[in-house]
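*Asks:* Have a look at this one.
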There are 2 protein chains.
Amino acid sequence: MSADPALRREIPDATVARLPEYLRTLSRLAEDGVPSVSSEELAAAVGVRSAQLRKDLSHLGSYGVRGVGYDVETLALEISRALGLTEDWPVAIVGMGNLGHALASYSGFVTKGFRIVALFDDDPALVGERVVDIAIRPLAELDDKHAVDPISIGVIATPAQAAQAVCDRLVGAGISSILNFAPAVLSVPAGVDVRRVDLSTELQILAFHAQRKALAAGHLGTAVVS
Amino acid sequence: MSADPALRREIPDATVARLPEYLRTLSRLAEDGVPSVSSEELAAAVGVRSAQLRKDLSHLGSYGVRGVGYDVETLALEISRALGLTEDWPVAIVGMGNLGHALASYSGFVTKGFRIVALFDDDPALVGERVVDIAIRPLAELDDKHAVDPISIGVIATPAQAAQAVCDRLVGAGISSILNFAPAVLSVPAGVDVRRVDLSTELQILAFHAQRKALAAGHLGTAVVS
DNA sequence: TCAACTTTGTGCATGGCTTCACAAACGTCT
DNA sequence: AGACGTTTGTGAAGCCATGCACAAAGTTGA
């Protein structure tokens, strides 16, 4: 059988979503020179239950030592491998307005596994400008295989109206992983992954809970007067 | 009993997370002059199953008409009320680097329910600068009740190291809804809601699936050779 | 008024995720 | 070497969310 459970078994989505958090915390521990952690300690640092952490990690394989815990460096490496961060993922950003600029300058990219290789925008005022040492190009060049390095992940930071058209072009260029910051639902063929990050959705969810708290604490006016 | 099921019953988190999407789509339909939609149509536009949409909406109350569908304007209003968007939520942004600037300029704020009332940063080079007609102030002024309007929601757009300290100040100032863009786990007292938006987490999840696709499509080397 | 058609709201079954609880496994100390 | 304390890995149970299928309720047309 395969030596690597991460490739053999199916890792639940809920687990995959937590792995980056584990990895971040482990990296910090490694920097601090901590050699090993128990599931209890790591779980507390991340804000989950220790049982959940152990079950999550069990999907990757068996990297803990009973009675001791997990070796920080080893576990960080295994999570990196499971997430695919041992290879380099070339990223392109489309839409270089305020958000696109902020994303390109964001330090989170360079740190591990991701590398920005291209910036696109059709606004003539932006084309040619250099951000983090990369020139902004018109989107049409995306299709030119000779002009553009291979791209694994496309980031959409355009206004909502343009998002679907940009998405279609990215998919047409063979990109099958898309991170969408535009407040729009994208339709893509099967096999293409889209993840959406939306500021106003998050704010609205916060508003819902804030309202609930306000109603519960203070004036539950209409609710109590049967 | 109460007339408003949204206040009476508990709405599942999974449903709350989808309501903003429904609302966005309904708003677009309303702009286009569409008077009513069936659950089938709306669900297709949002990308969910119609049964799920109906079950979600049933948690808010019974606003559909059998044989016809939902009145677009009415349903949009009811979702707005459930989410608490009929009131105004004053927002403060802390950390006015690239990301903070982009967020402040982001049009998603002004549209509905949210209003930026304060910008904070301790960098002397930034203090005093005006963004969207609001002056950036040092964080210390947050505690000065006379200098700052009431704030419902705090947005953290600082580097990770500063996030917990900023969070503590926000909580100290009575803010119980926080949107965190910094890659850090925040610990807060009970009753405070924190939602995190993290670029690198999203990229890493995409990388995981991209790796899976790459392995499945091409070289499934180690996996097949039992 | 009544029959035919459409669409909602929901009970029920299904599936996945989380939590519990404990046996197995490891290190340590005598 | 053997007993003891600690921590992992995992079966089992419980919980929440999703999807199915249909009765109830409404509209339309004759």
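Positions of Cβ are set from backbone N, Cα and C atoms, glycine also.
Just so you know, TrEMBL annotations never went through curation; they're auto-generated.
According to TrEMBL, the feature DNA-binding region maps to A:21-60. Annotation source TrEMBL lists domain 'CoA-binding' at A:84-185. What TrEMBL lists as NAD(+) binding site is A:GLY95, A:MET96, A:GLY97, A:ASN98, A:LEU99, A:GLY100.
Give me the local environment of each listed feature.
*Replies:* Counting residue by residue with DSSP, the DNA-binding region (A:21-60) contains 28 helix, 2 strand, 10 coil.
Mean pLDDT across the domain 'CoA-binding' (A:84-185) comes to 94 in this model.
Using a 10 Å radius centred on the Cβ of A:ASN98 (NAD(+) binding site) and all shown protein chains, the other Cβ atoms total 18. A helical conformation is recorded for A:ASN98 (NAD(+) binding site) in the three-state DSSP classification.
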*Asks:* Counting by DSSP, what is the helix, strand and coil composition of the domain 'CoA-binding' (A:84-185)?
*Replies:* 30 helix, 27 strand, 45 coil
*Asks:* Going by Cβ pairs closer than 8 Å, show me which of the binding-site residues A:GLY95, A:MET96, A:LEU99 neighbour chain B.
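*Replies:* Near chain B - Cβ to Cβ under 8 Å - we find A:LEU99.
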*Asks:* Write out the long-range same-chain contacts of A:GLY97 (NAD(+) binding site), meaning residues 6 or more apart in sequence whose Cβ is under 8 Å from its Cβ.
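*Replies:* The answer is A:ASP121, A:ALA157, A:THR158, A:PRO159.
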*Asks:* Using a Cβ cut-off under 8 Å and a sequence separation of 6 or more, which residues in the same chain sit near A:GLY100 (NAD(+) binding site)?
*Replies:* A:ILE93, A:VAL94, A:LEU119, A:ASP121, A:ALA157
*Asks:* Among all the protein chains here, how many other CB atoms are within 10 A of the CB of A:GLY95 (NAD(+) binding site)?
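*Replies:* A 10 Å sphere around the Cβ of A:GLY95 (NAD(+) binding site) contains 26 other Cβ atoms.
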